[in-house]
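Going by TrEMBL, these are the annotated features:
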DOMAIN    167-260  domain 'Pentatricopeptide repeat-containing protein-mitochondrial'
REPEAT    65-99  repeat 'PPR'
REPEAT    166-200  repeat 'PPR'
REPEAT    268-302  repeat 'PPR'
REPEAT    371-405  repeat 'PPR'
REPEAT    472-506  repeat 'PPR'
């Protein structure tokens, strides 16, 4: 059971009072002259983090020894003040006191926490110069410093010089190789450690479990779990928490829950948070919400991590009310001023639906303190819901306010440039990304590939891809999409097979890209085979978007009956995206009967979505079924649904100009319409022989915004 915050404060206050009392007694009895007594009181003050009093006492000790100096160094290191600790070490040398293993050990601990590799290397030279490289305490601290600074080769060299490495040394080395993701070396070290007869601990297994993050490591996770039980560590909190996460990452929520249930009586807040994260990763939101309530019922107060996790599950339409309730709870508990929680609320509102962007902006503007995540969330929100001009303006504001621009910001603004097809502006952002050193980042490279693909410059897209390490699926997926959408589906499929051969991890987005490629070049059977083999051959269950791609594949091939049968055979209820894809295929094929059935499903799912009405109305008009068209127009009027006009953009001299149908707002409107008139006259003159019908009703024109949605689906 957790200890309330009040009890922690009381225990700290009690400890401080106890030290003060002891200090007073020592002064009264005159025992402070004894260096042993003085060091004990000094140590107690540093443990209470009362460094100003400790410093004063240290200055008053008449006969300081090495322990006195080491106590002050350790005190400042533990409070995160590495600079002062280094100054004390220098003064120690000036006062003719020799360093020992504890002096170096304490200071190296601070260096490791601050990731100050250059300071650590200087200390390493002093360790060698003074002959302490074989000292277990100094050596282990040196090893730990290199491991935490991700210099694992140097850590291993230090390890080899230790005459009798203890469990702390082994654990530090294993943690270092685990941190850099070197799975084979980390597990080889575990094997060597057991072979040498060194006792394994919670610190041995916890870092190893972080490496078991995929379904392919499930059996290995079970084996490690067996070792944990064998060594009597199954009920250790640190190990249990890591086991819950490992089983979740390996795809077994059931085993994660077993570990959680077995930790009854020993659970801490991290245990509850680990199980909550596991449920949310596996899209078990209802179980996550229940767990959130259970932990409070049993006396565990949620922390920042708990709130940010549970808020991340509230963007689905079904859980929108939960999100609003949690927002109210956050306000009631006075936590809305915490930046991570405000950021989580902003992300929740942005992901909920397009209409909640206003709530997100209101929250953002009310924040007294904003971090990089706050700005990036709003920037990404603008980009995702199509407010691309607002995204570009916000990016300019971030630069003028000197907000640090990271790879997430570059990724979002590049995607907005792509959506607006503003190639010149996109190139300028590309240059800025290069200057900032982010051009090889997977997310930035992916956005650059998307930009150049969208602008039809697939060669530059390929160049951006080649500049990345090519070990992540993010850039591969973007390039496959790029080739597919530029009509080069064969190259897209070749990339998929190359990706597979190079053992790059495939994901669900990879198969959306592959199915899109098959659809664009008419490889119907190949596409359907990919859909069928996803789970059996690659361990990736098909999602809604994969079925939507397959429906599009069959629709383009005019196999509407098979598309309908596929929808009916889906293991889950089709959403609006799937039905819209089929409706688009019905429009192309002119199948009004099926289109009417599909539209009825869509109108039930999204009664206020204008695209369904417009597409169906266009189809009725095309087939000259004027009564049905009139009825649909009347239904739109009754339900208050309005056609959202499509927009067009053009970039001239780095300025984006936006237009919609019959737009009169542009400052050069008169000149534009004059030029349009001249162009129409020329078109009419050229097309006289074909009898072009210029009298097309408003609804008989395809809806640009609807077509855009169908393409994105």
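Cβ from N, Cα, C; glycine included.
Residues 214, 442-443, 445-447, 449-450, 452-454, 456, 458, 461-462, 464-465, 513-514, 516-521, 523, 526, 538, 540 of the same chain, all 6+ positions outside the repeat 'PPR' (472-506), place their C-beta atoms under 8 angstroms from a C-beta of that stretch. For the repeat 'PPR' (371-405), DSSP puts the residue distribution at 26 helix, 0 strand, 9 coil. Sorting each residue of the repeat 'PPR' (268-302) by its DSSP state yields 26 helix, 0 strand, 9 coil.
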